[in-house]
Amino acid sequence: MATPEELSGSGLCLGCGTLDSPPHYDFYADSVAWGRRRRCRASLHQLYADPLIPGVTEDKCSAPVYKWTAGGDSSDEDEGEQTEPPPDPPRFGWIQGVMIRCMLNIWGVILYLRLPWITAQAGVGLTWVIILLSSFITGITGLSTSAIATNGKVKGGGTYFLISRSLGPELGGSIGLIFAFANAVAVSMHTVGFAETVTDLMHENGVVIVDRVNDIRIIGVVTVTCLLGVSLAGMAWESKAQILFFLVIMVSFVNYIVGTIVPASPQRQARGFFSYKVDIFAANFVPGWRGAEGSFFGMFSIFFPSATGILAGANISGDLKNPTVAIPRGTLMAILWTTMSYLIISATIGACVVRDASGLINDSVSVSSEDCDGFSCLYGWDFSECVSNKSCSYGLINYYQSMSLVSAFSPLISAGIFAATLSSALACLVSAPKVFQCLCQDKLYPLIGFFGKGYGRNAEPLRGYMLTYCIAVCFILIAELNSIAPIISNFFLCSYSLINFSCFYASLTNSPGWRPSFRFYNKWLSLLGSVCCVVIMFLLTWWSALIAFGVVFFLMGYTLYKKPEVNWGSSVQAGSYNLALTHCVGLNQVQDHVKNFRPQCLVLTGPPTRRPALVDLVHALTKGLSLMMCGNVVTATSSPAALHKAHTDSHVTWLNQRKVKSFYRGVVAPELRSGVNMLLQGAGLGRIRPNVLVMGLKTDWSSDEPHAAHEYVSVLHDAFDLQYGVCVLRMTEGLDSSHPSQSYMNPSFRGQTENMNTISSPSCIQTNTTYSVCVDPEVQPKTVFQKKHGKKTIDIYWLSDDGGLTLLLPYLLTRRKRWLKCKVRVFVGGDTEKREEQRAEVLALIKKFRLGFHDVEVLPDVYQHPQPENVRQFENTLRRFRLETNIKQDCDTEAQRQQEPWMITDQDLERNKAKSLRQIRLNEVLQDISRDAALIIITMPVSRRGVCPSSLFLAWLDFLSRDLQPPVLLVRGNQENVLTFYCQ
């Protein structure tokens, strides 16, 4: 009995003796853990195919592998590689990696320097409304971020990764670029905030380096250089520095809370601090608007930037142990704790400090003094004079350092300000390169790939760090960022809006791939958050919001134009599918109408690269108007190689690079006719299905096998049976752009019997001989249908009424720029005696169709006898297919006719003599009138089944269109109207 090791070595599933393996993580993962080989799932073909057939089990991953290795693969190409697993880079949990980082980025100078002032302006009640409204918006964004982050494995790239993988490269790329830039500039903003605080403290103590502006520049550059050194030391050191900053801020908070409890000294009372008083809280609970910014939305616009920073943890998603757990938990906890801190500080300081105070010890009065005005009199202070003169220097509404006043030890508040600014600067200095590195590696934009390189075991973006440092230094040297700050805030808000919209749109599409493990979200709540972010952008500064959206739309337009070759399964793709499906189903409820007729073409190109002229002609007819589908019939027995040949993506790639808006459909069939029949009956979806068959003329019918000619005509008959219109194109230089000996074509078209070719790669075709031919998608041959034809003519020979398709197709051509200047001439048959009358009648009919064709000519000589020499040539062409008959051999002739329906008897020639002579004569007319035309369009004759042999019909088409320099398009509608002059 075989051991488990023997079973695994032979490729059999352990425990069941079959290739059919049980579920395993390796089957779904893109990578594998170090130290063992990856397991591979057997293909469906390997499971059901006959194992005795050569090539069935020969595959790059032929069977599940269950062998564990000590040091990776032991192949020769792995020699010299390390035999020990590489050390794991530092990874952070949800507390250190996300929660603390987000809290530090949310807390900032606004908490210390502006929150007391906002409380004095809006009152405690409306300040809480402002805080809760801001947290509501960031909370919704946090829920949306959590949902997106838990819908699959999250890699590095943070915000850019989340948006781009959800909404696609167009919006994701634009947001990633401006988000990285905004973080880089935010480094300078926080650093300048730190430098300004240090400079003010220096000036209070009489220390000056040069002057105030240059001092800010010097301190700022030195500070950001030190922060760069911390970042370059690695994420471990950066994380330790963030913990240090966090501890300093927490100590400053404790210091503040203790200060609110400590009894106020006379000096602090003179500045407006009286510890907890109900009267003070009641007075500060209601608004006290002052100044130009004294309004609810004015205070909201100032406070809201302090609530941002919730993406600081998501921006280092590549450095987290488990991003799908850490990002939701850490982000939401950070929003919760920071919101509580804002509420507590606004409530406590509003209960301790009055709005106005003079700071003068002499303003103390007796509590029972009758001359004192204001509730501060209850505590022995009279600030009415400075209030009336508007000269108060202290109090919540006048003194930005109120938290330092309240705290037990004011230097700790300064330390908290330093920690808040430096931690935010450090977080942005790390976030910008991480986001930018992921964007560079995706290669969405040119000239930025240089910065995508990573160094070390954690792939640190050192080049990105240096770029961020240079940008930060440039803006630090300006030393005045008041005009740039609103733009940066709006860039962050734009990112929040798109994250919310990503969650909403992914939920709306109902894609089976949208399965976030975080369930506490709502798509309509996400939409509300997205709209609120946009509204706030315009409330902050409308002009900067317009700039932000302008940059986003410009970068999105560039990405749409370039169409990067990425496929991330975005919700935009799912939404496009839903939209297309909805409209396709909706079309089923609408009946077809002649006014809405569109020529929806099934083009028998074979591989589209082989017949570019046929592709270009139909593309000119259908571009932006109707359906075009290129069909390819691979004549072979069904096999993986044949199916791969029929469905290879290289054909679609070639069509896309040629900018041809067409579908491609390949089928495998034992013969051409059955394959085309599959396409005729199965192509399309609902009302969007082909109604015109377009193919090339079989010009080698006389030298090819007779059966191939008969099969070609049978395809035309099948199309007529299915109510298709038919177009057949002939060109002097032929349609096949490749050499016959080096290209695969359907044997029935070429008339040669050869084995089915096999595919060596999606872009290479290997024949059954010793050479292979590569189809380079970049090669785009020029054809006559891609050139401008100037003032040449398009000649229409409307010899039979087929419903109007013969007129409609040239009209559609003249709507294209290349054919716009061409003159359209319409020729019809008629009598010499009634020539003018018939011309007027046809011209009046065409005018009613509003086609714009004004040149109509009647050709009575099309019914004349052709030249005898041309008749003899026609008969000589048919000699190979003639079947001699006499009275004695009638029975034998009929039997042979049944076996060989392409053979022509004397009776066949006699029955179809008039039509044969007419085609010969038509060719003479064409050579006389249309030799210089840009395109000739002729109503195609129809052969009656059982009356006209297939070889005779092909002789008509061949002789009708032979020896003509312009392309000839033979058109036959399905005898139903495609034109109307009615309005209903």
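Glycine residues also receive a Cβ, built from the backbone N, Cα and C atoms like all the rest.
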Looking at 334-354, 460-480, which one is transmembrane segment according to TrEMBL? 334-354
Can you check which of 296-314, 410-428, 429-447, 486-504 TrEMBL lists as transmembrane segment? 296-314
Residues in the domain 'SLC12A transporter C-terminal' (611-747) per DSSP class, helix first, strand next, coil last, are 58 helix, 28 strand, 51 coil
Restricting to CB pairs under 8 Å, which listed stretch, 94-113, 171-195, 296-314, 520-539, is in contact most with the transmembrane segment (243-264)? 94-113
Restricting to CB pairs under 8 Å, which listed stretch, 94-113, 125-151, 171-195, 520-539, is in contact most with the transmembrane segment (296-314)? 94-113
Report, as numbers and ranges, which residues of the same chain sit near the transmembrane segment (171-195): CB under 8 Å and 6 or more residues beyond its ends. 108-109, 157, 159-160, 163-165, 215-217, 219-220, 223-224, 227, 315, 417-418, 421-422, 424-425, 428-429, 431-433, 435-436, 438-439, 442, 444-445, 467-468, 471-476, 479, 481, 484-485, 487-488, 491-492, 494-495, 498, 548, 551-556, 559, 564
Spatial neighbours of the transmembrane segment (94-113) far in sequence, C-beta under 8 Å, 6+ residues away: 190, 193, 197, 239, 242-243, 245-246, 249, 302-303, 305-314, 316, 319-322, 325-327, 329-331, 333-335, 337-338, 341-342, 345, 400-401, 403, 413, 416-417, 419-421, 423-424, 427-428
